[in-house]
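Have a look at the structure below before the remarks.
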Amino acid sequence: MPSIQACLFDLDGVIVDTARFHYIAWREMARDLGFDLTQEENERLKGISRMESLEIVLSIGGVQLPEEEKIRRAAAKNARYLELCMQMTPDDALPGVRPFLDELKQQGIRSGLGSASKNARVILERINMLHYFDTIVDGNRITKGKPDPQVFLMGASDLQVAPQHCAVFEDAVAGIQSAKAAGMLAVGVGEASVLAEADIVIPGFEGFDLAQSENA
Ligand code: BG6
Ligand code: MG
């Protein structure tokens, strides 16, 4: 496997556990519309843009809304999500993430963020981690969401590293597909049963050694 010169990180569920806040906010909206959203159904929303997620949630509930109501609901969900996110502190970064990013810096490996979220900068500022990233590709920059490879190809291009020398860290099925489509090493963060398409799957960053897994 070619040596890794850049690491691209998804945000929600990889750097910080905001996935639970997305779930709470979507579930509240669903209940308000008269149906429930299970954790399993929520899995389908990971890595997917806000408006696409809204469409999926509405289809789960069999609810149809006029366009302007969809926009209003998405904005209300986002306001609620941000309200929940404001509970976070720098301690909310997932275990092992900061030491891993420090380690990469020491090794001269560049780091970038590749997220579908339009709130990526706000969240990173909230947990005081904005400075770790040499580039940020977020939902405000991309025109094609995951599983399209655009988000990670843009990150690689910003960092001037060829895709085959990039590793992607992702907790979402759509994100793993995006990394594979970009021709990058796809590291799943989570459960192997869910992230079956990843090259390797780790439960989290604690004790993770990139060099070791490259040689595996
Ligand atoms: C992704 C999350 O990172 O960002 C999705 O996994 C979310 O669940 C998407 O829908 C868009 O986020 P935001 O913050 O722009 O609504
Ligand atoms: Mg994610």
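The backbone N, Cα and C atoms fix where each Cβ goes, glycine too.
Feature annotation from TrEMBL assigns active site, proton donor/acceptor to Asp10 (among others). Secondary structure at Asp10 (active site, proton donor/acceptor), taken from DSSP and collapsed to helix, strand or coil, is coil. Around the Cβ of Asp10 (active site, proton donor/acceptor), 29 further Cβ atoms fall within 10 Å across all displayed protein chains.
Sequence annotations record features per position, and here TrEMBL assigns active site, proton donor/acceptor to Asp12 (among others).
According to TrEMBL, the substrate binding site annotation covers 10-12, Trp26, 45-50, Ser53, Lys77, 115-119, Lys146.
Residues or ranges marked as Mg(2+) binding site in TrEMBL: Asp10, Asp12, Glu170, Asp171. Taking the Cβ of Asp12 (active site, proton donor/acceptor) as reference, residues of its chain lying under 8 Å away and at least six apart in sequence are, in sequence order, Thr18, Ala19, His22, Lys46, Gly47, Ser115, Ser117, Ile123, Asp171.
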Residues among the binding-site residues Trp26, Arg50, Ser115, Lys118 that border ligand 2 - Cβ under 6 angstroms, in sequence order: none
List of residues, in chain order, with Cβ under 8 A from that of Trp26 (substrate binding site) and at least 6 apart: Leu37, Asn42, Leu45, Ser53, Val57, Lys77
Minimum Cα separation from Asp10 (active site, proton donor/acceptor), reported as the residue among binding-site residues Arg50, Lys118, Glu170 that achieves it: Glu170
Count of other CB atoms lying within 10 Å of the CB belonging to Lys118 (substrate binding site): 15
